[in-house]
Amino acid sequence: MSGVRDPGAQPERTRLAWRRTTLAATVVLLLTVRHQLVASGGVLGWAAVAVAVAAWLGLLVAAHRRLRRLLCAAPVAARPRHLALVCGCAIAPAAAGAGLLLLRGG
Amino acid sequence: MGGRLRQDVMLWVSPRRMEAEGSAPDFRFSLANERTFLAWIRTALALVAGGLAVDQFLTGLAHLPRTVLAVALLAGGALCAVRAIHHWARCERAMRRGEPLPASHFPALLAVSTALASLLVAAALVFGPDR
């Protein structure tokens, strides 16, 4: 199979899916930063921004590494741990945001 | 039941456990499964962004209901992400074993929850204190 080009362009489509995912993560990062700039959440707000930036960078690195491996004509399946890391990068900003909203008080 | 869940969770982190199951499917099936996983991650990220947006842009709403709705959306996003890896691992294992893909109630649950959240936001916009 290796070397034979897939007419369904599966590797390319998967690469684009990774790119769209990093784009979605960027929106989450921007909203977290906006919250800090507009509402000024203090130290807690900066902590949430730090978590969001770390998660965003984590996702970018994970996507970049996967994109490189998807360059060949017949790539292997993703490793479970790699995808678990991506999950963590989605859960971290959710947890940081929820913590920020719940701890800021009325 | 608890043991089965534990086995499924171990699949998320252990490539060796995954490789011990059956044989590798056609790479195109694995890539399709990966894209489905990424689509669910984007759904999770959209819910997280929605939660943050509700808090920042639905300012006509009182503090408590706004926070409750925002945190519910954030929690939904986190749940969606966990479910994404869980479903990916179960599908990948089913493909390796040559079994039918696992059925799931989650899309129905998500559809109903999203509809409910949309109605709540719409009601807040129409009947909110500032209108």
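Heads up, the Cβ atoms here are built off N, Cα and C, so glycines get one too.
Nobody curates TrEMBL annotations by hand; they come from automatic prediction.
Keep in mind that what you see is a predicted model, and the values were worked out from it rather than measured.
TrEMBL lists B:28-94 with the feature domain 'DUF202'. For B:37-58, B:64-85, B:106-127, the entry in TrEMBL reads transmembrane segment.
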Long-range Cβ neighbours of the transmembrane segment (B:37-58) (under 8 Å; 6 or more residues past either end): 66-67, 69-74, 76-78, 80-81, 83-85, 87-88, 110, 117, 121, 124-125, 128
Within the domain 'DUF202' (B:28-94), residues counted as helix, strand or coil by DSSP: 62 helix, 0 strand, 5 coil
Mean of pLDDT values spanning the domain 'DUF202' (B:28-94): 94
